[in-house]
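First the structure, in the form of structure tokens, and then the observations on it.
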Amino acid sequence: MKKNQFLKESDITAESVFFMKRRQVLKALGISAAALSLPHAAHADLLSWFKGNDRPPAPAGKPLEFSKPAAWQNNLPLTPADKVSGYNNFYEFGLDKADPAANAGSLKTDTWTLKISGEVAKPLTLDHDDLTRRFPLEERIYRMRCVEAWSMVVPWIGFPLHKLLALAEPTSNAKYVAFETIYAPEQMPGLQDRFIGGGLKYPYVEGLRLDEAMHPLTLMTVGVYGKALPPQNGAPVRLIVPWKYGFKGIKSIVSIKLTREHPPTTWNLAAPDEYGFYANVNPHVDHPRWSQATERFIGSGGILDVQRQPTLLFNGYADQVASLYRGLDLRENF
């Protein structure tokens, strides 16, 4: 496995650009002007946080035992733990980047189970201990690219999804893998109020082709920065597909179902002209309302130090995954 390219940094990003995209998305989803005004104070709080004031705590989960295979270690500059845990999209807990860290503490994972079903010979139901006991954990330093044109580099901890799917023994009819997030309105304010939750249809669902799910880069993730995932990052287990935009990385997964048919996905249902099923990172295919040619890397500095850099095709993983899409029109199948 080739090591990843080093990311170069250039061109400072203005503060006004940093928060513009979210409001555009909400308007496209039909959220009212009154609702759009709700996160304004939170935006101000987040600006203060990026300047170094009142930062949320870094992940404080249980320490994990894991290896560090050389193939997944690299010289990429890491995004600090407090930013990984404090700057998130998890609309079930609110629309602003700071809302998940503020509100996700109510998420209870002690009775959590994950069901694997559908086109499999051996359906499974696993708890969190099963995941950490059955599969050796490893740290992988991955790029993470949001569709909103910002990026991080994160040391995730987990195991390849293909190892989990192999236990269930997919049948020859399995062509896709459908994922579903926990639906817990009593713990998730975004499920109680459509304005807090962005007007999306819940539970959040995502999907991959089976060959994408079986690729060795695709990671079932249970930790970050050496510890168990905090709730705002998708505890107890989330998906990481590093060559795709971040919204494909479904959080707090309770169901994995192998299917014959193309599964629905939340953002594609909400805005099919803007969010495709594949969602491969591609600097040559813009979002209808902003360019994807460059991205703002969130590193160790404050907001005035956030750097703009070129977006890499497949987020820098083209050597590993481009063959999955040979003959596929990436503009048509975005």
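Using the three backbone atoms N, Cα and C, a Cβ is placed for every residue, glycine included.
Features of the protein shown, as given by Swiss-Prot:
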SIGNAL    1-44  signal peptide
BINDING   N88, Y91, E92, C146, T181, N233, R238, G249, I250, K251  Mo-molybdopterin binding site
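Working note on the binding-site residues N88, E92, T181, R238, I250: by count of other C-beta atoms within 10 Å of each C-beta, E92 ranks first. Counted over all residue pairs in N88, Y91, E92, C146, T181, N233, R238, G249, I250, K251, the record's binders of Mo-molybdopterin, the longest Cα to Cα distance measures 19 angstrom.
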